[in-house]
Amino acid sequence: MVQASSHAEGGHEGKQGAARSMGLLVAAVGVVYGDIGTSPLYTLKEVFTGGYGVQVNHDGVLGILSLILWSLLWVVSFKYVMFILRADNQGEGGTMALTALARRATAEYPKLRALMVGCGLVGASLFYGDSMITPAVSVLSAVEGMGLAFEGIDHWVVPISLVVLVALFLVQKHGTEKIGKLFGPIMVTWFVVLGALGVHGISQSPEVLKAFNPGWALNFFIVHPGMGVAILGAVVLALTGAEALYADMGHFGRKPIARAWFALVLPALVLNYFGQGAILLQNPEAARNPFYLLAPGWALLPLVGLATMATVIASQAVISGAFSLTRQAIQLGYVPRMQIQHTSSDEQGQIYIGAVNWTLMVGVVLLVIGFESSGALAAAYGVAVTGTMLMTTILVSAVMLLLWKWPPVLAVPLLVGFLLVDGLFFAANVPKIVQGGAFPVLAGIVLFVLMSTWKRGKQILVDRIDEGALPLPVFISSIRVQPPHRVEGTAVFLTARADAVPHALLHNMLHNQVLHSQVVLLTVVSEDRPRVPEHERFEVEAYGDGFFRVLLHFGFMDEPDVPAALKLCHLDDLDFSPMRTTYFLSRETVIASRLEGMSRWRGNLFAFLLKNANGNLRFFNLPLNRVIELGTQVEI
């Protein structure tokens, strides 16, 4: 009986584990694969109507299908799913997590480290451009299907798209926890429909299956040597969203993402692309919109509705990704501090950043109004996608060779293969800069300048403050000679350098002529890892005479809640009771000068960013009624 009960319990646990795995897989489909899953809406349409000169004939269709298939297999299946997903930073993925990993890998090589940081900032900058283009091109391509169902409705495509997109951005501050539970089932339905439509098309012209032979892709390059590389600029549209597999790894883990790709997403995409190819062989006129013309007439309107929902979900994924990337960048010191609002009491990762949301919304609206169609926007899309992919490969190269210590004889050929393919896709998109691709490039340049200026400015600011800093042992020795009046309580002084006296402490002594019975010099350290366990959160050192040095360590995915962290400091001599603890902050006002380190215009830009950044009070969750802020001017 006991044995039977044990088997029953084991079976129950097994069923629970299977149900959880299936739940993670469905959730991953809803969040991770929205972008790449909506690519069939516009990819083949752009290939054959985007001015590349590809003929809608037997060889042209099979050549393009083979290129798309083998691009999906090499870039997504092999490079991302089987390789890049293993380059996690304690389970987290994405540009900033990978940059932190590459910084650690190149710690002994300052110049190489600076190059890796630069690549990371470029990749992050292009991702923000992608976060504007994805909602615009996806929703436009879905709504354009209405033009096939109703004649004369084309002029309504832009207004309807704008209504959908603006509504999406307006609901962000309320969170998407409730409707987010529907994303997975809707996207699973979407991929099933993609596959079913593909099977329907293939059944009418099975010869498209010949495109599984990579010889058709090679033949296309041989027959069209000039067009071959250029057409990669359109083929890459089938790969948009591949970066999301890596960026969202922290939410679901590598295995559910990989299983969802091989079990559902990849088969559905391949079937649909081949189905579109089949109807193009039967009717070359279908090139104007092969996705929607693949569907029977009765299914057109329901398909437009489902496609619109799928594109909204894809847009939501990149918007959430932009919020997450921004939080990581803030923690790592690349972006000024902003107000971060949590939209879910259960899910820590569900956040809202107003400044990012409204900036993205303005960018998306301008893109829709300026480009008016998904075809026109496709040129801008490829530059952002391929640039981000290329930066990811460069960062992974450093991690593989210097952190994982892979033998060069194994690593170099693999990396050369990745870089060669990424380089070809990027080169194919460079000419598009004059056709609309300038937008993500300009957006990337602006964001790169902002992030690099902030990072450099903060370093110069710390150096300037440190120049005249009084060493802490000297200060303690001086107060032993002339002891000031001590008052009850704990004074916490936030400082970037724990071995020197912060300006706020000196100003307090100068003006008030008193010291608290306990003086804590607190330094918050941002780690190159996502989370720091509680037992590694703090370091405490007692200097005597009531002075303590405390270091708090936070990862780039941790909430830097200083009062909560200080409660973990278990020392008999330290008392962090809320009503006995006062926090002293320094508020620096920057004056741009001609001193070495930063040009005048960048100094002014940094001063503007610093003035408008969220201060330590909100960022560290300090109690408003227990904070005293003292100002100081610093030249940079």
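Easy rule for this one: first residue shown is 1, then count along the chain.
Cβ coordinates are placed from backbone N, Cα and C, and glycine is handled just like the others.
Taken from Swiss-Prot, the feature transmembrane segment applies to 22-42, 64-84, 114-134, 150-170, 182-202, 220-240, 261-281, 293-313, 351-371, 383-403, 408-428, 433-453.
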Cβ contacts under 8 Å made by the transmembrane segment (408-428) with residues that lie 6+ beyond its boundaries: 74-75, 79, 83, 229-233, 235-236, 239, 382-383, 386-387, 389-390, 393-394, 396-397, 400-401
Which sequence-distant residues neighbour the transmembrane segment (182-202)? Criterion: at least 6 residues beyond either end, Cβ under 8 Å. 26-31, 33-34, 37, 40, 208-209, 264-265, 267-279, 294-296, 303, 306-307, 309-310, 313, 316
The recorded stretch from 64-84, 114-134, 220-240, 293-313 sharing the largest number of CB pairs under 8 A with the transmembrane segment (351-371) is 114-134
Selected stretch (most C-beta pairs under 8 A with the transmembrane segment (220-240)) from 22-42, 293-313, 383-403: 22-42
So which of 22-42, 64-84, 114-134, 293-313, 383-403 has the most C-beta pairs under 8 Å when paired with the transmembrane segment (150-170)? 293-313
With pairs restricted to those 6 or more apart in sequence, evaluate whether the transmembrane segment (383-403) and the transmembrane segment (22-42) have 3+ C-beta pairs under 8 Å. no
For the transmembrane segment (22-42), which partner among 64-84, 114-134, 293-313 gives the most CB pairs under 8 Å? 293-313
May I ask for the residues of the chain that lie six or more residues beyond the transmembrane segment (114-134) and have a Cβ under 8 Å from a Cβ within it? 35, 95-96, 98-99, 102-103, 105-106, 240-241, 243, 314-315, 318-319, 321-322, 325, 329, 334, 360, 363-364, 367, 377, 380-381, 383-385, 387-388, 391-392, 394-395, 398, 439-441, 443-448, 451-452, 455
